[in-house]
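Student: Before I ask anything, let me first share the structure, which is written out below as structure tokens.
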Amino acid sequence: MGHQSVARHPKWDSNLRPTGEQDPVKATHHTDCYHDDELIVRRGQPFQIALELSRPFKHSTDKLHLELKTGTHVIIPLVDELENVCWQSQITEQSGNRVQLLVSSPPNALIGRYQLTVTTGCAKGEATSTHDPASDIYMLFNPWCEGDTVFMDNEDERMEYVLNDTGRIYYGTEKQIGVRTWNFGQFSEGILQACLFILEKSKVQPFGFGDSVNVVRVVSAMINSLDDRGVLEGNWSGDYEEGTSPTAWSGSVDILKKYYAEGGTPVKYGQCWVFSGVTTTVLRCLGIACRSVTNFQSAHDTDVSLTTDVYFDENMEPLDRLNTDSVWNFHVWNDCWMARPDLPPGMGGWQAVDSTPQETSQGTFCCGPASVNAIRTGQVYLKHDTPFVFAEVNSDKIYWQRNLDSTFSQIYIEKKAVGHCISTKAVGSDERMDITDLYKYPEDTEEERIAVETASRYGSRPETYSSPAAEDVQIEVVMEGEGPRMGADAQLKIVLRNQSRHPRRATLHSQVAVMYYTGVLKGTIKREKLPVELMPSEVKTIEWVLPYDQYQDQLVDQAALMLTLSGRVSETQQVLATQHNFRLRTPDLTITPVGEAVVGKEMAAKISFTNPLPRTLKSVLFRVEGLGLQNVREIAVGDVGSHCSVTLTEHFVPTLPGPRKLVASLDCRQLTQVHGVADILVKEK
């Protein structure tokens, strides 16, 4: 042979396609949505690359193999026929100096960025091409591949949980469920690089990035900044002067780009829905089906008792120093889909993962993946962090009273206190889907009680459950319609039912406190005692009112309040106790598109808002964004007077066709959680 063949330019198949034709590799690998020029493929599925050699390749005398480097060094031999379960390559076409290869990868290949080089050889020796970053290969998880642990067999669900780049995140209270649109933006330019940068920053060895459980656990730890200077710094103080208020974000793209551009400096600030939104973006970007999930009345068990404990003194006054368990009005985490070969059969499918830093897991602030099936059945001994998630959705709230000898007696069990209206966006629509039945059996069924008692046996207080006390008086707090509105008096009804044939008397201790949505109380703003007399079989309704002037200067994020009622029936010594969380509803931003929506043609949208408060809003800021419509833009509105309206017109040029969402949010110190969305169908040019 005259001279050896050298691989000059390894290229992927996009260079072979006719001008204007959709990239065949990216289309078959469902990666054509990524706004990046690199070769992005999914593991366990063959892909094509083209090699430009210095002379024609001769099968009889020449040798050729590919080399990939990431966390490991992979040599890909040239074979006559692919097996599709390991790294191999096969020549499918040859024309002059150009060779087209079909390359197969195993379904458990490491995900990440692979550096590609080509080694060719003949009788005179070998030569290896110089590494060119433009030839790097990005390998992702593959929900379309049956051999991949993240395989999902429903195409509609894959479209929603892997390929949909917008979604809905729920918040508020179970009686007043609010919703906001979130731009996940997992295909936006630079986001894949940012996601891989997050994995690199974790300091976890890359050879673990073939295991979906391990990758999800790393992402859970890295989305929060504790321990490892991850993506987002949490802040629940109400003071966001050094960063962006958590309620002001409406998408993940800005956050991830900022983190990547600043070399891994945590972005300020996040709370649970922001942590969840970013987690959804990262996992979908890497190829794992994921969704944001909201749990209303979400318990935070601090002592692994698997119960939510409320302590009172001898006079039925709350003991704040002992009441470390809390119930958040809502908490947002994620479900991701995967097999769990590390657990018993039946534990695959949806797995709960929580990136909000609450408790440590094996010394790190992360949570999950915990099998949702294990949570439902109370099998809290199965990893990872199943006891914590079980307590969030299905712990009983147990009320304790201090005795004269300083011991505590269990006086009441509230079995339906936590884990209500567990919500996520429905597949293929913007409707809310209730998935409570995936996390727990229906309340009061034998299966649900067995799950609770099974879980409790593995907690720190296994002797908790005994025979329930008899009771013939019931107490309930009722809210009419959508509940109280910001800027007006808050009104609720306390309903007491005497189910006996005898009179009953009690004194209700009432206190209402301003509360962070996490269940942490800022302070009590109203206390009163309510004497109650009930005739036999009587149902009595007490009107309860909190005047606006008593809460106007006290509220924190989410405008949440907690009403606690406790008391004892004189005749029977039955304990009455309940807690009711509610929020003061805020108005929406109204967004009205103006003009025809066509790619490359300027259009506009009118954004309107009315201040509901009898006070001026100071330094109001609007944030507007829409994937394929407009990058994030901040608009300083200034002050908005009491009950005044403001309307502004935003001009933009759509860049992508199809259904799009324009999202806007309002940020100011006096009013939070104000946002709006408009659906815009963009036509091709």
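Count begins at 1; order follows the chain as displayed.
Glycine is no exception: its Cβ is also placed from the backbone N, Cα and C atoms.
TrEMBL: automatically predicted annotations, no manual curation.
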Student: Looking at 1-28, 225-252, I want to know which stretch TrEMBL calls region 'Disordered'.
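Tutor: It is 1-28 that TrEMBL annotates as region 'Disordered'.
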Student: Relative to the mean position of the Cβ atoms of Asn394, Asp396, Glu443, Glu448, the recorded Ca(2+) site, which additional same-chain residues have Cβ within 8 Å?
Tutor: Ser395, Lys415, Lys416, Gly419, Lys440, Tyr441, Asp444, Arg449, Ala451, Val452
Student: For a three-state summary based on DSSP, what are the helix, strand and coil counts in the domain 'Transglutaminase-like' (264-357)?
Tutor: 15 helix, 40 strand, 39 coil
Student: Hey, how far is Asp354 (active site) from Glu443 (Ca(2+) binding site), Cα to Cα, in Å?
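Tutor: Taking the Cα atoms only, Asp354 (active site) lies 24 Å from Glu443 (Ca(2+) binding site).
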Student: Within 10 Å of the Cβ of Asp354 (active site), how many other Cβ atoms can you find? Include all protein chains, please.
Tutor: 30
Student: Mean pLDDT over the domain 'Transglutaminase-like' (264-357): what is the value?
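Tutor: That stretch averages a pLDDT of 91.
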Student: Let me know the most crowded of the binding-site residues, choosing from Asp396, Glu443, Glu448 and counting other Cβ atoms within 10 Å.
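Tutor: Result of the Cβ crowding comparison: Asp396.
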Student: Using C-alpha atoms only, work out the spacing between Asn394 (Ca(2+) binding site) and His331 (active site) and round it to an integer in Å.
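Tutor: So the alpha carbons of Asn394 (Ca(2+) binding site) and His331 (active site) sit roughly 14 Å from each other.
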